[in-house]
Structures are given as C-alpha cells and as structure tokens.
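First the structure, in the form of structure tokens, and then the observations on it.
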Amino acid sequence: MSISYPAPAKLNLMLRVVGQRPDGYHELQTVFQFIDFADQLQFSSRPAGQFSRSGGAATVAEADDLTIRAARLLMESAGIQEGVHIHIDKVLPLGGGIGGGSSDAASTLIVLNRLWRTGFTRQELMALGTQLGADVPVFIFGQSAWAEGIGEQLSALDEVLESHYVLVHPGIAVSTREIFTAPELTRQHPPSTIGAFLGGVMENTLQSTVCARYPEVESAIQWLKSHGLRDVRLTGSGACVFGVAEDASSARIIAGQVPLPWRSWAVKGCNRHPLFDPAEQ
C-alpha cells in the first residue's frame with residue numbers, strides 16, 4: 001500500500017508590493033501560513049530515467065507538471081540515476097492563489113530527497129525550488145514566515161494565530177501575469193513591518209486591481225463580509241479569498257452556505273508544514 005504525502009495550500013495573510021526590479025520581478029512583503037487543506041502525492045519507483053504522472057490537473061501536460069520537473073531537477077542536481085511515478089490526488093484549485101502547483105513541487109523535492117537519500121539540506125532544496133517557482137521555497141522552509149524580496153527571503157513567524165478560516169473559490173482562475181503587468185497596479189507602496197502585521201495591518205495591495213478586473217472576486221469578498229467573517233481578503237493574486245471565523249463550527253456552517261458555482265472549505269491555519277522535520281537542517 002502506497003504512502004500518501006501531503007502538499008498543503010498556503011494563505012498570504014498580508015501582501016504588499018513595495019517595488020519592481022530591473023528584471024521585471026516585483027519586490028514583495030508577505031506573510032505565508034499553511035492550512036490543513038492539501039493535495040496528496042504517492043511515489044512509486046520506476047526504472048532510471050523514467051518519469052510519469054497520474055491524476056493531477058488534466059490541463060497541465062505531464063512534461064510540464066511541476067512535480068515531474070521537480071523530480072528530474074533533483075535527480076540531475078544529485079548526479080544520480082532514478083525514476084519515479086507520481087500519483088496526485090488533486091483537490092487544490094488551479095489559479096487560486098493558494099500555491100497548489102508550488103506545494104506539489106515542494107513536497108516532491110522533500111519526499112524524494114528522503115527516499116533517494118540525496119542528502120540535500122533544507123537550504124539546498126529551497127535553492128532548487130527557486131528554479132521551479134517563487135513560492136516553492138516557502139513550502140520547503142516549512143514554517144509560517146515573513147517574506148521579502150520576490151518571496152525568497154524568509155523569516156520564521158511563530159506568532160501567527162492558527163485561526164479558523166472560510167476559503168472561497170469564486171469559480172474563475174486569475175492570471176498572475178495579468179495582475180502583475182496591469183498598468184494600474186501600484187508598485188511602490190511604502191514598506192511595512194512585522195510589528196504592523198502583528199498589530200492588525202493585513203491588507204493585500206493586489207486586491208483592488210484583481211477585484212476591478214474580476215468582479216466575481218469582489219462578489220465573494222462581499223459575501224464573506226456579509227456573513228460576519230473578519231479580515232476578509234484576497235490570497236496571493238487570487239482567485240481565492242478568505243476570512244476569519246470565530247471557531248471551527250461557524251466556519252463549517254458558513255462554508256456550507258456558499259452559493260454555486262463557487263466552492264468553499266472550512267480550514268485551519270497551521271504554522272508548520274506537515275512534512276517539516278526540525279531535525280533536518
């Protein structure tokens with residue numbers, strides 16, 4: 001019987017665009033927190049050089065899947081010959097701003113580093129992860145984090161409350177590229193601080209641009225507010241939005257009332273990734 005390994009979603013509890021680099025990448029400040037909502041991955045050995053995938057997102061070609069790319073990258077970086085079949089039980093929506101593809105890639109690197117005994121440190125795996133996507137390193141970092149730069153400068157943030165949330169996907173996919181290239185996006189917000197976040201400053205400065213271009217996102221935000229949730233906001237560049245519930249029971253009740261074709265989940269914040277091992281350096 002195969003072991004399943006989780007690839008959890010993340011929330012951006014705040015996100016602030018504070019600049020843009022000459023290479024086009026945006027300088028950000030954000031707070032990442034994991035939630036107890038995850039894809040599940042299973043790994044089966046294959047002959048050296050053979051990589052395959054089942055499950056996952058039907059719209060993503062196997063060769064382009066981040067899990068396959070992660071497995072090949074790990075093998076090539078380690079200078080070994082291995083093969084693997086990866087089965088993905090996919091529940092995290094694409095284009096949701098919750099890091100589904102990045103999380104799958106990170107869990108693949110973490111698990112295969114152990115199974116193949118390649119011996120990479122956490123920092124080395126994070127460096128590999130940057131080749132796959134800007135959000136991959138935080139899933140390998142494995143802790144709630146304050147992030148700066150393009151998201152790669154990470155500091156553990158244990159003070160984050162592990163709140164109960166209602167997460168809503170309003171039935172659309174938001175293009176991250178479209179939002180970050182939008183001419184109306186403000187790119188020079190004054191920098192914030194960890195203290196300001198812990199004091200309650202939790203805005204996402206992408207939100208106004210996303211809501212103007214995707215009215216379904218604005219509708220979902222207003223729906224959550226009308227049902228009494230606190231600190232309702234966008235995660236990442238969307239399309240998912242979330243708000244803080246009083247407890248697990250109220251989160252489940254409100255999530256069960258979300259209108260179709262939206263999807264919703266009652267979730268809880270987690271300050272440790274389920275694959276995080278403090279003994280690993």
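Each residue, glycine too, has its Cβ placed from N, Cα and C.
What TrEMBL says about a protein is an automatic prediction, not a curated fact.
According to TrEMBL, the protein has these features:
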type     : residues                                                                        : note
ACT_SITE : Lys10                                                                           : active site
ACT_SITE : Asp135                                                                          : active site
BINDING  : Pro93, Leu94, Gly95, Gly96, Gly97, Ile98, Gly99, Gly100, Gly101, Ser102, Ser103 : ATP binding site
DOMAIN   : 66-143                                                                          : domain 'GHMP kinase N-terminal'
DOMAIN   : 206-258                                                                         : domain 'GHMP kinase C-terminal'
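According to DSSP, Lys10 (active site) sits within a strand segment.
Look at the domain 'GHMP kinase N-terminal' (66-143): DSSP puts its residues at 44 helix, 8 strand, 26 coil.
Neighbour counts were taken at the CB atom with a 10 A radius for the binding-site residues Pro93, Gly95, Gly97, Gly99, Gly101; the maximum falls on Gly97.
Considering only the binding-site residues Pro93, Gly95, Gly99, Ser103, the residues lying within 10 A of Asp135 (active site) on a C-alpha to C-alpha basis are Gly99, Ser103. Confidence for the domain 'GHMP kinase C-terminal' (206-258), expressed as mean pLDDT, is 98. As a summary of secondary structure, the domain 'GHMP kinase C-terminal' (206-258) carries 27 helix, 10 strand, 16 coil according to DSSP. Annotated ATP site Pro93, Leu94, Gly95, Gly96, Gly97, Ile98, Gly99, Gly100, Gly101, Ser102, Ser103; additional same-chain residues within 8 Å of its Cβ mean position, judged by their own Cβ, are Ala9, Leu92, Gly236.
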